[in-house]
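What Swiss-Prot annotates here:
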type	residues	note
TRANSIT	1-16	transit peptide
MOD_RES	Ser70	phosphoserine
MOD_RES	Ser72	phosphoserine
MOD_RES	Ser75	phosphoserine
BINDING	Gly90, Ser91, Gly92, Asn93, Trp94, Gly95, Phe122, Phe178, Ala234, Arg359, Gln388	NAD(+) binding site
BINDING	Lys201, Arg359, Asn360	substrate binding site
ACT_SITE	Lys294	active site, proton acceptor
Amino acid sequence: MLAVRRLTRYTFLKRTHPVLYTRRAYKILPSRSTFLRRSLLQTQLHSKMTAHTNIKQHKHCHEDHPIRRSDSAVSIVHLKRAPFKVTVIGSGNWGTTIAKVIAENTELHSHIFEPEVRMWVFDEKIGDENLTDIINTRHQNVKYLPNIDLPHNLVADPDLLHSIKGADILVFNIPHQFLPNIVKQLQGHVAPHVRAISCLKGFELGSKGVQLLSSYVTDELGIQCGALSGANLAPEVAKEHWSETTVAYQLPKDYQGDGKDVDHKILKLLFHRPYFHVNVIDDVAGISIAGALKNVVALACGFVEGMGWGNNASAAIQRLGLGEIIKFGRMFFPESKVETYYQESAGVADLITTCSGGRNVKVATYMAKTGKSALEAEKELLNGQSAQGIITCREVHEWLQTCELTQEFPLFEAVYQIVYNNVRMEDLPEMIEELDIDDE
């Protein structure tokens, strides 16, 4: 009878407390009085936690994927101004995905943001229809993000200046080589109080040397600009598969105050979704550098994948690449923080994701298998989109050459030589090998 009672008690406890009472844990089962006291404390603790945090399933989540979110962040934002109006500049694969995320949040937090989100579209014909009209009637970007339903409060606009009219927050999400032309058109039409976030990956080379794209926006438009970057393949985010990202933003000197201006809490509400978790930090330089240079490393991973060299070679490329990313940041942007590269989604996590798939790996793999050039591969594979590593490796080479430091970054230089000077991919190991043997 004793054995039966113990088994029954174990079975009951396993069902009610499966984590605490495994068969191994049952060997040190607490007494009945201890168990009751512990259960009472757990119940009281749970009641206190639920009193402070209202957790509910989000309406966009599928029933079989019950991601939950906390509304506690909303309660601490008390707006002392009109709701923020948001415009997304760019409507490609990633631009449309971010616009979807933002539009879901502006509708959800309509006391913080104006629900309608404008998305500037470089208009083009899809058959006999304009892409803008298709987005606004069918609520899908059939060219760059097909089969993904977009919120009805997301409005496509082919007129750049009209799309930003009255906007308080601009989100740049275009191929970075087009940024100078876009900024030139915006000059004189953006008020000083406007804030911006750059989702672009790359650098601007000019009279000021190598420059972060967020800094370029600030200098050219006179507005504060942060950055967003992370381990985010657009199709997965668009399908609401769980992922995380990093937003970096520094409060400007003309910050208007809590509840009157964009800050970390506002940005969290703008970008955070149940399927898209956001961490907001100050290190704009760190996440921008990592976001740009990971695409160069991804090209190298694509080369070795296309040659069939396997996972060991890819891992070696990623190790060397991470080292050169950190070195580049410390050398040219000393304000960047080393911990950003390994603590944030925008760092090593983004590097791993990008080197495992995405446009740059796809293009480089195709180059290795077919012998075609980078631009030919990009044109044939990407449906009008860009592999940013192709341009970034040239920008990095030009800057390092100006500084006479190309030998300090052998992986970046090797990628440039393969892409632009037709150096044999098979020579990659010799080009990046670190020799510690002294000549005698």
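Glycine too: its Cβ is placed from the backbone N, Cα and C atoms.
A map of Swiss-Prot features onto the structure.
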residue	record	DSSP (3 states)
Gly90	NAD(+) binding site	coil
Phe122	NAD(+) binding site	coil
Lys201	substrate binding site	coil
Ala234	NAD(+) binding site	helix
Lys294	active site, proton acceptor	helix
Arg359	substrate binding site	helix
Gln388	NAD(+) binding site	helix
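Taking the C-alpha atom of Ala234 (NAD(+) binding site) as reference, the shortest distance to any of the recorded positions Lys201, Lys294, Arg359, Asn360 belongs to Arg359. In sequence order, Gln388 are the recorded positions from Gly90, Trp94, Phe122, Lys294, Gln388 with a C-alpha within 10 Å of the C-alpha of Arg359 (substrate binding site). A gap of 13 Å separates the Cα atoms of Gly90 (NAD(+) binding site) and Lys201 (substrate binding site). Separating the Cα atoms of Trp94 (NAD(+) binding site) and Lys201 (substrate binding site) is a whole-number distance of 11 Å.
Note on Asn360 (substrate binding site): other Cβ atoms within 10 Å of its Cβ, all shown chains, come to 30. Taking the Cα atom of each, Phe122 (NAD(+) binding site) and Asn360 (substrate binding site) are about 23 angstrom apart. Contacts of Gly92 (NAD(+) binding site) defined by a Cβ separation under 8 A and a same-chain sequence distance of 6+ are given as Tyr144, Asn173, Ile174, Pro175, Gln385, in order along the sequence. It is 9 Å from the Cα atom of Lys294 (active site, proton acceptor) to that of Lys201 (substrate binding site).
By neighbour count, meaning other C-beta atoms within 10 Å, the densest spot among the recorded positions Lys201, Lys294, Arg359 is Lys294.
Other residues of the same chain near the substrate site, with their Cβ within 8 Å of the Cβ centroid of Lys201, Arg359, Asn360, are Asn295, Ala298, Thr354, Gly358, Ser386, Ala387, Gln388, Gly389.
Of all the binding-site residues listed here (Gly90, Ala234), the one with the fewest other CB atoms within 10 A of its own CB is Ala234.
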